[in-house]
Amino acid sequence: MIRWLARGAGSAKVPFTEKGLFCAVRVIIVDDHTLVRAGLSRLLQTFAGIDVVGEASNAQQALDMTSLHRPDLVLMDLSLPGRSGLDAMTDVLRAAPRTHVVMMSMHDDPVHVRDALDRGAVGFVVKDAAPLELELALRAAAAGQVFLSPQISSKMIAPMLGREKPVGIAALSPRQREILREIGRGQSNKEIAADLGISVKTVETHRARMMESLGCRRANDLVLLAAKHHNELV
């Protein structure tokens, strides 16, 4: 197991084994942009105890470099030419089970993040992250811990905290759901107004707002949506 110990006051931490021996964390960078790889390599060289042992620009090169160097970590872009970073990660972990993978991307889509974690990634960092954030991700991964960029963590946790903004049918108000249910039954605006005890103008206003929020272009689209989501409107 690797432990990170400070070398002195205000200094960065360096990795040591349980026997107290210095052990640099060996990293391979995988990105299809040459300048990005060069920039990351120079940045990682400023991190104490991090040693860049190779670079790759696609999935096959990533696998070849991993098989050759058996790195502790692979810092891999999600978007690669040909096969995706996720597919490349699967190959890397199969070839080197003891290697940890930290994914990086321009996007923070929770779906991609969850997919990466499910496939074995131990970290996910957005490309506009501060250098310290990347350093923390690499150190956490080297210690076998999971690290997510803060903005990613917020998006992942939001649904569990009930802070995720509802969309689609779930975003409709109770009154709009009533009106949509009546539309699904084939009721006219006048009939809906009479059934719900509201004015025809109110029904028309709600109908227009629903068409906009649900992305409907034709009035008949609301009827189709009402039929499709009938159980949600009961």
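Each Cβ is built from the backbone N, Cα and C atoms, and glycine gets one as well.
Bear in mind that TrEMBL entries carry predicted annotations, made automatically and left uncurated.
Per TrEMBL, domain 'Response regulatory' is recorded for 26-142. Summarising the annotation, TrEMBL assigns domain 'HTH luxR-type' to 165-230. According to TrEMBL, the feature 4-aspartylphosphate maps to D77.
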Three-state composition of the domain 'HTH luxR-type' (165-230), taking helix and strand from DSSP: 48 helix, 0 strand, 18 coil
Structural state census, the domain 'Response regulatory' (26-142) (DSSP three-state): 54 helix, 27 strand, 36 coil
Same-chain residues at least 6 apart in sequence whose Cβ lies under 8 Å from the residue listed as '4-aspartylphosphate': V30, D31, D32, V36, G85, M103, M104, S105
Averaged pLDDT score, the domain 'HTH luxR-type' (165-230): 86
